[in-house]
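Remarks on the structure that follows.
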Amino acid sequence: MVSLTSVPPYADATPDTRASSGPAPGRRKRMPLREHLAELRTRLLLVAGGLVVGAVVGWLLYDPLLVLLTRPLHLAAATQHKDIALNFTALGSPLDTRIKVSLFLAVMVTCPWWLYQVWAFVTPGLTRREKRHAYGFLGAAVPLFLGGAGLSWWVLPHAVDIFASFVPAGSSQYVNAQEYLSFVMRLVLAFGVAFVAPVLLVALNLAGIVRHETLARGWRWAVLLAFVFAAVMTPTPDALTMVLVAAPICALYFGALGVAVWHDRRADRRTAPAAA
């Protein structure tokens, strides 16, 4: 006699995958809050370590860097035959200036390092598409910021020369070291941020916050603001310098507008069949 087993006929046909199922494609498994905080602490320590190393390098290179920073003052003094020099007004001002220059150089030099740490902390929670966008933003923002900083260095001697021209003949000008270095740092940051602003507009467009129609309607205001920014940052009597500063900013704005037009039209074509 053949004995029949009591095993259901379809017991092995559909295995239970609930316990072994992983995260959905393109997503990462959720990390507990404690692990997030531990990862954040690690990244912050790495950023702080990089800034300390950069500050030490800035401290050691302070003397040649100060010569480079004060070169526009010496050029203005030589061309206008005036007595123009850097002045330290307080007893601790030389030390404060050295610390400020060292920290500023540390932030600039270690920019790739701390940006990578931010990226390493954020990227595990991003989807594949978001990672591609982030790669594009970083790949565009860093060179644009450095380009803006380089343009500010070209503008700086012209600005110093214009300000020095207002010194009366036979007078001397002793420029406060703290104020002068703060002016240089603000100039570098202002140009860097101005060049990165179009990347932020593209990010807002990709996020669905701003459409290309809005950017197209505001192009006149964008051009006006670019020329106002150039006029304020380059107080020179000739219009050529102002145009040379404003033209790249305008070109970047229209480049961002072109990317927004391409993205919106592509998104509209993708959603049109679903709406129909």
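The backbone N, Cα and C atoms fix where each Cβ goes, and this holds for glycine too.
Swiss-Prot annotations:
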REGION    1-29  region 'Disordered'
TRANSMEM  49-69  transmembrane segment
TRANSMEM  103-123  transmembrane segment
TRANSMEM  136-156  transmembrane segment
TRANSMEM  187-207  transmembrane segment
TRANSMEM  221-241  transmembrane segment
TRANSMEM  242-262  transmembrane segment
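Tallying C-beta pairs under 8 angstroms between the transmembrane segment (187-207) and each of 103-123, 136-156, 221-241, 242-262 places 136-156 first. If you look at the transmembrane segment (49-69), the same-chain residues 6 or more away from its ends with a CB under 8 A from one of its CBs are 98, 101-107, 109-110, 113-114, 117, 180-181, 184.
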